[in-house]
């Protein structure tokens, strides 16, 4: 049996045998990471039947990038340097972008191209120099140049720019320096292309999200409320007086009742007061004013007038006279630092008003330079420096001598209330940037006394605590031991003690002031119910005081004239003032004449004894003939003699003295 095997023939050719495909070995794939955040993730290939499960090997990842940037607005005279590396601020994509994603980098090529923007009429060039190691700070060679009127181009390969080695991303690779020699007009710009390779990537934080929107506008700060404070009141003190021929005695100053106004609200407050300084002739009042924390412009208006009034019924609080001021230009209204304040821009103007020589008050005339009023206007800037801040105000001195005493005579020592004057103090916080002095016209009838820019120093501790002083008074003045009154021992007949005497050391600038101090035990409250009756200090022995001996007799003219009336040159200070007014002279002319009068009074001491044969008898100066006559008078006769001399003149007083010594009755003529 024949077997026929048929072979399939297609297109005349025998069908090829089916062959099994050989499994192909997969080729290794290199995975390269780039900095493109939007790179599409490669699609995963399906695993074939014959594919092995081996891992695809990879090499160290890297990247190569090209950056193009420009340096614009180059003038023909521009100079500078372009540093390639992390300092390349002209290309943030390179310095703040790619360098932060890798550990190492190298720039393999740089193309420096000059783009001209100058006109054909301009001249000059821009020289450039390559510094491959970043060691130059300025251009050192001008071999390579670009003309500013035409473009230019220069390329540097890796070997020129230190680009064959890898560099840490924290260090710069090279630098190009340039400098032009043209004008200051715009010449063109640099267009720079760099090719850079990056090596060894590192983890970088994701890009920060969008910045938050603008914060809501803050609420407006509430406007500061400035304060305005006013103190206003009339300080008072208690005095003791007998007649207009005697000196007065002063008690310690009580606390003063002032009206306090703030933000249109009014109440009452007490201000501490005391004598700033005190001696046998005068005492200076002082009032302490508290200041709230802050900076203040302070304005003070002061009207000094010292009326006296009775303290008992039926004429209680009715004026019965006054205590006059002197015309000393060195005294007046002023302020000083008391505690935790700074005072600047101080300006104080003081004025005074003389009494007319023909005016008579309680039988006395104003013919010795007495003043009725002493006013002042003051502005300053005060800044507090701590808690319990305060400053003080001082006024003109209260004169104790009989020539300034115009209180009514009762024939016995009587207490009276005396006003210091009206004081208004305004503290303005809104004007705290500084005090501006407003020039004010002086009051009609007032004479300008003095303007000062200096503040008063804080008194010594003893001065601010009270006083027990000794004062020379008239022969009728009784000795007192409390309330700050004044005493002085005199010889029989009203003559002073010998020149050599022991007195306490003084405190302060005035050798007659601040003889001793003592703090009052209680302050007196001022109120309508109290009736202004301060409590007197209990009597007691004075404390021992340090003493010193004065051997140099150098008194003031007023003191010499009070002790020895015979040295009067024949005219008074009031006569000088009247003559100056009649002649139309100035205050300066009047003061010069008064100085001449004072010199004549002091020169009158020469008549107390011969200049060649002067001697001391019993420790005192030898009295003149007239003084010996006056020593023979009784106390009442001497007081009457002084009153006649003050009211009618020295001639009438001498006639009265002679009639007394002759044994005649002078009542019919005097």
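Heads up, the Cβ atoms here are built off N, Cα and C, so glycines get one too.
Here's what Swiss-Prot has on this protein:
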REGION    1-64  region 'Disordered'
COMPBIAS  10-24  compositional bias 'Basic residues'
COMPBIAS  25-36  compositional bias 'Low complexity'
COMPBIAS  38-49  compositional bias 'Basic residues'
COMPBIAS  50-60  compositional bias 'Low complexity'
REGION    203-223  region 'Disordered'
REGION    204-670  region 'Readthrough domain (RTD)'
COMPBIAS  209-221  compositional bias 'Pro residues'
REGION    431-553  region 'Disordered'
COMPBIAS  466-485  compositional bias 'Polar residues'
COMPBIAS  536-545  compositional bias 'Pro residues'
REGION    609-629  region 'Disordered'
COMPBIAS  609-624  compositional bias 'Low complexity'
REGION    641-670  region 'Disordered'
Using Cβ atoms and a strict cutoff of less than 8 Å, what residues sit near the region 'Disordered' (641-670) while being 6 or more residues removed from its termini? 245, 363-365, 403, 565, 568, 570, 626, 629-630, 632-633
List the helix, strand and coil residue totals of the region 'Disordered' (641-670) as derived from DSSP. 23 helix, 0 strand, 7 coil
Summarise the model's confidence over the region 'Readthrough domain (RTD)' (204-670) as a mean pLDDT value. 74
Reported in the order helix, strand, coil, what are the DSSP residue counts of the compositional bias 'Pro residues' (209-221)? 0 helix, 0 strand, 13 coil
